[in-house]
There are 2 protein chains.
Amino acid sequence: MNTREDCVAADRSDPLASLKERFELPAGVLYMDGNSLGVMPKTAAARAAGVINHEWGVNLIRSWNTAGWFEMPVRLGDKLGALLGAREGELVVTDTTSLNIFKALAAALRIQQTEHPQRRVILSERDNFPTDLYMIQGMIDLLQQGYEMRLIDKDLPLEKALDDSVAVMLLSHVNYRSGQMHDMRAVTAQAHERGVLTIWDLAHAAGAVPIDLNGANADFAVGCTYKYLNGGPGSPAFIWVAPRHIKNFWQPLSGWWGHTRPFDMTVAYEPAGGIRRYLCGTQPIVSLAMVECGLDVAHAADMTEVRKKSLALGDLFISLVEERCEGHPLTLVTPRNHADRGSHVSFCHPNGYEVMQALVARGLIGDYREPEVLRFGLTPLYFGYADVWDAVDILKDVLDNRTWDKPEFKERAAVT
Amino acid sequence: MNTREDCVAADRSDPLASLKERFELPAGVLYMDGNSLGVMPKTAAARAAGVINHEWGVNLIRSWNTAGWFEMPVRLGDKLGALLGAREGELVVTDTTSLNIFKALAAALRIQQTEHPQRRVILSERDNFPTDLYMIQGMIDLLQQGYEMRLIDKDLPLEKALDDSVAVMLLSHVNYRSGQMHDMRAVTAQAHERGVLTIWDLAHAAGAVPIDLNGANADFAVGCTYKYLNGGPGSPAFIWVAPRHIKNFWQPLSGWWGHTRPFDMTVAYEPAGGIRRYLCGTQPIVSLAMVECGLDVAHAADMTEVRKKSLALGDLFISLVEERCEGHPLTLVTPRNHADRGSHVSFCHPNGYEVMQALVARGLIGDYREPEVLRFGLTPLYFGYADVWDAVDILKDVLDNRTWDKPEFKERAAVT
């Protein structure tokens, strides 16, 4: 695609084009941050209003039964699970990604206490999303059982890091910064060969790339619903546990909702039989209910087409930036190879923070991640080829005219 | 008050009467379940719509800064804390009560590892709300450090149970079933004399009874916002930590939001200086934002008047039930003594489940708790003296005519 007209033509023949109408997209904005917070499905506001005015306002406490609040984490879990290669009863929508990491990690370590009781290493990646590393550190400090965190980095590749001292490995399927993607099936097999259990963080992958949890023989997976799944700001996260592990352990965040008979009000915790035991406390019903609106759109899309378009958008964006912004100090961080790439593309720029602020001021919303990284999300459900063209126009203009070089763009906001 | 007219007169001179207009109350319902799920403030739907349509729909990711999403757990925490005798920076609104118990328990046990390293007992009450006991069990099982749970009951009163082996005591300020209330200051002092740290669960107390956390010299407190604080179904919970303890330990659910500089994306977790370290993962923004609507009404009420009216409603309800329903097998479970009573009143009835279903069918919504307990919440912000009169009318009719004795009222719903 060498002209904007080519891009418009590509949009016209895009089999996913009609899905864009199912979202509210603000005027004058090119939104390339769906990898951080997805856009609003048109049905979301009405769904929330129904929950608030009718289920809460009128039916009040009765809605636990009549509106299905009690079943919602499991029902939505089944609906989401179908997109990720999970079967019914294997996944729940609940809590936050961080908390679900804690549950999965506790369960995986406990399984290994029987399988490989000497192992004390929890393996992750130095450039994994920080909360993943922070939750590992919290667990290690809490347990005081001699666990240590080992981090894969350029000096310690996966093959070397994965030895017989590793109990559990926690990786992001798609890296939040670089967009680099692991081959879940191959890496899981590599881990299993060494007797290592895997936890996959799907935060930057769910809804963006094809995932087959059972097909990959994964052990545990967690992720969020407010990025590519468009569930709304801070909408509850999810956890999936392979059926072979579900009954092995009751995860330690054992609140009332995970009890097998919560309304018997017994003193002793008895975990529910299946994935319900990964529930803990009362969920934020309004935020939880809206998750379904995003899932409905995701179900209307063919994931093969989503992946095809995502890669095509990425190829286009990379080639246009490299061609049209030549001479500017931009370095591609994201792998070019399709098999190694998720659905966002990142470039380094020495003035990355200011450049991103200048782009946002021009209506091109991506985001910035330390150090120096400009991130651009490519969300096939609502972003098109002409959008990519227009985005590169703005980027080129901001760089050519150094419009980023202003004091106001240097001021750091609380959230970057 | 011997007649309905007396009750109507009492409503007329009620200094809190005008607050009722600030809530949506469904027609034809006498709502005595505000101790389980509070009613909807009239501002809630508009607040949610603003967050959804404008903050999410239009401003998208920018709202983390421009709409104050990032500051919300702390800002609402300060607003709520002011109602509970907390100072600024001591309380955050976040996660669930169960999870906040886990954080507080981990922190308290860690402090005791230095102060009283031999102690291995976590003390609670047999009839505490089950999730409190379940979280203790989850922690004990996770730690594998020889901790045990000891339960206060009729055979083991507090004075006997509280010995030098106890590390931490987790009590509900107001019991979920009986409505029995502890003297927080006296019991905390009793615990401190023995070197025991206290965690107070305020789920059935916050917004219902006067609380002064600093005045009571409490150590930790948690609670929920969807009962007497009318925050909405499953709205996020809260945690308070006494300033003397805040910096002693970074609680183990150490997600990104509790980091001192979350956007530096460092590998090492460094806890934020104050109560922010009790934050973990991304919060459900829509459900969280609505918490403020309930807090606004609570701030408009004088807690002395709320308490006065709550006790008066309770006295009236107890006396009318005992007088007018005489001869029916109802036994008061709740203490008559004002100092020992929260803001709900419970009676046992051998057919409690069916009786409650029959009451609900007649528009009197309370709830049922195993075993045999009918619970009736008294919420001074929106429930009045004539409402109490009318409620007893319905109860008397259902009992006199045995309308509860029908097969349809025996069927157990998923949530009771």
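Just so you know, glycine gets a Cβ as well, placed from its N, Cα and C.
All TrEMBL annotations are machine predictions without curation.
Taken from TrEMBL, the feature pyridoxal 5'-phosphate binding site covers B:T97, B:S98, B:F129, B:P130, B:T131, B:D132, B:D201, B:H204, B:Y226, B:W256, B:T282. If you look up TrEMBL, you'll see B:K227 marked as N6-(pyridoxal phosphate)lysine.
Structure with TrEMBL features highlighted.
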residue	record	Cβ contacts under 8 Å, 6 or more apart
B:T97	pyridoxal 5'-phosphate binding site	B:T131, B:D201, B:A203, B:V222, B:G223, B:C224, B:A237
B:F129	pyridoxal 5'-phosphate binding site	B:S172, B:N175, B:Y176, B:D201, B:A203, B:H204
B:Y226	pyridoxal 5'-phosphate binding site	B:L37, B:G38, B:G232, B:P233, B:G234, B:S235
B:K227	N6-(pyridoxal phosphate)lysine	B:G34, B:N35, B:S36, B:L37, B:G38, B:A203, B:H204, B:A206, B:G207, B:A208
B:T282	pyridoxal 5'-phosphate binding site	B:W256, B:W257
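Filtering the recorded positions B:T97, B:T131, B:D201, B:K227, B:T282 for a Cβ under 8 angstroms from any Cβ of chain A leaves B:T97, B:T131, B:T282, in order along the sequence. In the three-state DSSP assignment, the secondary structure recorded for B:Y226 (pyridoxal 5'-phosphate binding site) is coil. For the recorded site, B:F129 (pyridoxal 5'-phosphate binding site), the DSSP three-state label reads coil.
In three-state terms derived from DSSP, B:D201 (pyridoxal 5'-phosphate binding site) belongs to an extended strand segment. Following the DSSP three-state reduction, the secondary structure of B:T282 (pyridoxal 5'-phosphate binding site) is coil. When the Cα positions of B:T97, B:S98, B:F129, B:P130, B:T131, B:D132, B:D201, B:H204, B:Y226, B:W256, B:T282 are compared pair by pair, the longest gap among these pyridoxal 5'-phosphate-binding residues is 30 Å. Residue density at B:D201 (pyridoxal 5'-phosphate binding site): 30 other Cβ atoms are found within 10 A of its Cβ, drawing on all protein chains shown.
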